[in-house]
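As given in TrEMBL:
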type     : residues : note
ACT_SITE : Ser216   : active site, charge relay system
ACT_SITE : Asp342   : active site, charge relay system
ACT_SITE : His371   : active site, charge relay system
DOMAIN   : 136-377  : domain 'AB hydrolase-1'
TRANSMEM : 21-46    : transmembrane segment
Amino acid sequence: AMDWKVLTRELSLYLESQVRVGLFGSGVGLSLVLGFGVAYACYYLNSIAKKPQLVASNDRFCRFLEEYCPVVTETYYPTIWCWEGRVQTLLRPFITSRPQVQYRNELIKTADGGQISLDWFDNNDSLYYPDASTRPTVLLLPGLTGTSKESYILHMIHQSETLGYRCVVFNNRGIAGEDLLTPRTYCAANTEDLEAVIHHVHSLHPSAPFMAAGVSMGGMLLLNYLGKTGRDTPLMAAAIFSAGWNVFESVESLEKPLNWLLFNYYLTTCLQSSISRHRQMLEKLFDMDLVMKARTVREFDKQFTSVMFGYRSIDDYYEDASPCRKLKSVGIPVLCLNSVDDVFSPGHAIPVETAKQNANVALVLTSCGGHIGFLEGIWPRKCTYMDRVFKQFVQAMFEHGNKILSM
């Protein structure tokens, strides 16, 4: 752990050396800068840097995490100059590096005549698991309009590569450059495509330990699948990052004026551009002009998503898409990381009480981190807190999971 006295002393010395060059040229200026620096450091260490809240009713699961995934019990030090949730959310895609990953693409057919694009990272150079048939496999689910090219997915693959694991990224229909063969895309509530992918991956490597990790909407979809299947899944465990637990609360938060300006409008245009390429196919069923006029995610879902999947109303769709309703039925170990300052999934909507009633569930709640942010360190290019949670948890499950799976 960081000693705050050492930090403030180093900060003071650094500022003194900067100011002595003649920045202010007077003792008053120096005192002001030093005073502000020390005050900010004290505020940061007392109010910002905190241990996450670990919510788990099962003592064995708790002890397992403390031993094999210790990052969830350590103080999280958000980047000192951008710890606020919205700032972390906005900056992460620009700041974090993009590790090079060579994918092998596979298109699989679905029962309704559609196709799904999977991007494989086979890790054939794996030193720890040279036998491909038993090489642990991680299925990765990106967010709402995300693909295998997202920096957070590339980082998860980079972490998995060092551990010797294989990864496969599930790209939602029509989003990764492939054509839509039927007028159907995807949503957080419909788990049919995910079930087909899980079955397909498992049938290719039936002897390989198998886990999944979902981010944002990918996490919501994964939770909805797990709530539906209970223990009846080839997955041994799952990790969920920045999931929106209650869609009603998420869209309400995103419709606040500042959040609409910073996130909602941009996200809506991303959704529109992801379907505009398939306009000819989708025009058979939808009034695309109306869909393209949407200015919020709620309007888009009302005109497009809820209609596509046959819901009577948008409220019915949002009810069905909210994972908080399915959490009690999850039947395998699941670790869920959220920040309570995430505008996409507000802290008051995280189902803490429901989680306490399911021995398979552990929530890790940080006070800062935003939505898929979790930046840490002075210049957070390489590795985020979320990456470290992912790495330690998948390694814990693949290498010591037998200690917890007998629960």
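Cβ atoms are placed via backbone N, Cα and C, with glycine included.
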- Message: Measuring Cα to Cα, how many Å separate Asp342 (active site, charge relay system) from Ser216 (active site, charge relay system)?
- Response: 11
- Item | Cα distance (Å, whole number) from His371 (active site, charge relay system) to Ser216 (active site, charge relay system) | 8
- pLDDT averaged over the residues of the domain 'AB hydrolase-1' (136-377): 96
- Same-chain residues at least 6 apart in sequence whose Cβ lies under 8 Å from His371 (active site, charge relay system): Gly85, Gln88, Thr89, Ser216, Ser242, Ser339, Asp342, Val343, Phe344, Ser345
